[in-house]
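The following features are taken from Swiss-Prot:
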{"type": "ACT_SITE", "residues": "E187", "note": "active site, proton donor"}
{"type": "BINDING", "residues": "C66, C157, C288", "note": "[4Fe-4S] cluster binding site"}
{"type": "BINDING", "residues": "H96, H185, S317, S318, N319, S380", "note": "isopentenyl diphosphate binding site"}
{"type": "BINDING", "residues": "H96, H185, T250, S317, S318, N319, S380", "note": "(2E)-4-hydroxy-3-methylbut-2-enyl diphosphate binding site"}
{"type": "BINDING", "residues": "H96, H185, S317, S318, N319, S380", "note": "dimethylallyl diphosphate binding site"}
Amino acid sequence: MDTQAFRRSLHHSDRYNRRGFDSPTKRAQALEEAYQSDLISSIRDNGFTYTKGRLNIKLAQAFGFCWGVERAVAMAYETRRHYPNENIWITNEIIHNPSVNDHLRKMNVKFISAKNGIKDFSLVSNGDVVILPAFGATVQEMKLLHEKGCHIIDTTCPWVSKVWHTVEKHKKHVFTSIIHGKFKHEETLATSSFAGKYLVVLDLEEANYVSEYILGRGNRNEFMNKFAKACSNGFDPDKDLERVGVANQTTMLKSETEEIGKVFERTMLKKFGPENLNSHFLAFNTICDATEERQDAMFSLVDEDLDILVVIGGFNSSNTTHLQEIAITKNISSFHIDTPERISVKENSIFHKPLGSELELKNNFLPSGKINVGITSGASTPDKVVADVIEKLIDIAS
């Protein structure tokens, strides 16, 4: 499929909307009423610090809702107000935040069900309204919904769309897209649907593995078994890794994405020489500004004198997980929670998710005496949720 031609055609349809329905002023006001917090505003104004009794809170200087998330959430809410009586569906979670998604359910927005990773669109009918989430949707899903005669409300983050343009450029010039991401993640599934040949690498270790194969130091069967679910149909590593371009899932760790780009640039330079590099490697710049800002702020926060650190965001949120990774590199006692309800004031306990593990209970997690607590949140976490967490910490400390 010519994905660029399809998207151009879709954008000109009178059943497609990517701008929303409210004015920017009204949209900002609605979000402020729903999700902003006076406490968080005052902490920002006070240099991102707050002291109450023995508790000293230090907030990251960039955290919480990013512009793309604010836009997606606002458009989803506007859609229900604009279509008060129609069936409204959403192809996935609007963002990785349980409270926001629960609010959509209360507004009678229906979530497309999936079984074994396959979505069931059979209940979606002509004239229904379908919201595409901030992560985007696959081009196949868009085509299906368009052919069904649905009204499509596209809240895809513009930074995600930018990555789609990048992989389409790779396809046009017959380069394989190497996508730094999680192959099951909604955003990467969408991005790969716009690519031609592609391979998804999770981290630097996998990138180095692919590099070794390109340089002739790998086993084909082992390679294909390793990446069986993370490559395009008919992928041939002996042919499809001769010309590569790098792209990324926008929520991945910025420093790792940059290093993966350097790995493949060095690999192609070594194999084909400097005079042929541009024919075998395409440079990239698809790192999301908001992701970069939050990760940079986290690196600054973990350099502070902290006793513990609380990371707030959905457990399936990639950008939140990477914030947790940064804390771990500094050996700070850190706790990833998705809602304030994970903290028990009465028990001084926290039900949290260690990186790569199942949820576990930590009793007496807030130490006695003076304590410095660092706090950050993922791009899908409203300020009000952060404020509720701080209030619980204050209650425990007092």
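In case you wondered, yes, glycine gets a Cβ from its N, Cα and C as well.
As the structure is a computational prediction, the values presented were derived from the model and not from experiment.
Taking the centre of the Cβ atoms of C66, C157, C288 as the [4Fe-4S] cluster site, the nearby residues of that chain (Cβ within 8 Å, site residues left out) are W67, G68, V69, A134, P158, W159, V160, T250, T251, D289, A290, T291, A379.
In the three-state DSSP scheme, S318 (isopentenyl diphosphate binding site) falls into the helix class.
Note on N319 (isopentenyl diphosphate binding site): other Cβ atoms within 10 Å of its Cβ, all shown chains, come to 26. Here the CA atom of S380 (isopentenyl diphosphate binding site) lies 14 Å from the CA atom of C288 ([4Fe-4S] cluster binding site). In the three-state DSSP scheme, E187 (active site, proton donor) falls into the helix class. For S380 (isopentenyl diphosphate binding site), the same-chain residues that are 6 or more apart in sequence and have a Cβ closer than 8 Å to its Cβ are F65, V69, I95, H96, N97, V100, G313, G314, S317, N319, T320.
Around the Cβ of H96 (isopentenyl diphosphate binding site), the number of neighbouring Cβ atoms within 10 Å comes to 29.
Summary: among the binding-site residues (C157, H185, C288, S317, S318), the fewest other C-beta atoms within 10 A of the C-beta are counted at H185. Rounded to the nearest whole angstrom, the C-alpha distance between H185 (isopentenyl diphosphate binding site) and T250 ((2E)-4-hydroxy-3-methylbut-2-enyl diphosphate binding site) is 11. Of all Cβ atoms in the protein chains displayed, 26 besides its own lie within 10 Å of the Cβ of C66 ([4Fe-4S] cluster binding site).
Cβ proximity to the (2E)-4-hydroxy-3-methylbut-2-enyl diphosphate site centre (mean Cβ of H96, H185, T250, S317, S318, N319, S380, cutoff 8 Å) flags the following additional same-chain residues: I95, F135, E187, T251, G314, N316, T320, T321, G378, A379.
The dimethylallyl diphosphate site in the record is lined by H96, H185, S317, S318, N319, S380, and its two most distant CA atoms lie 15 Å apart.
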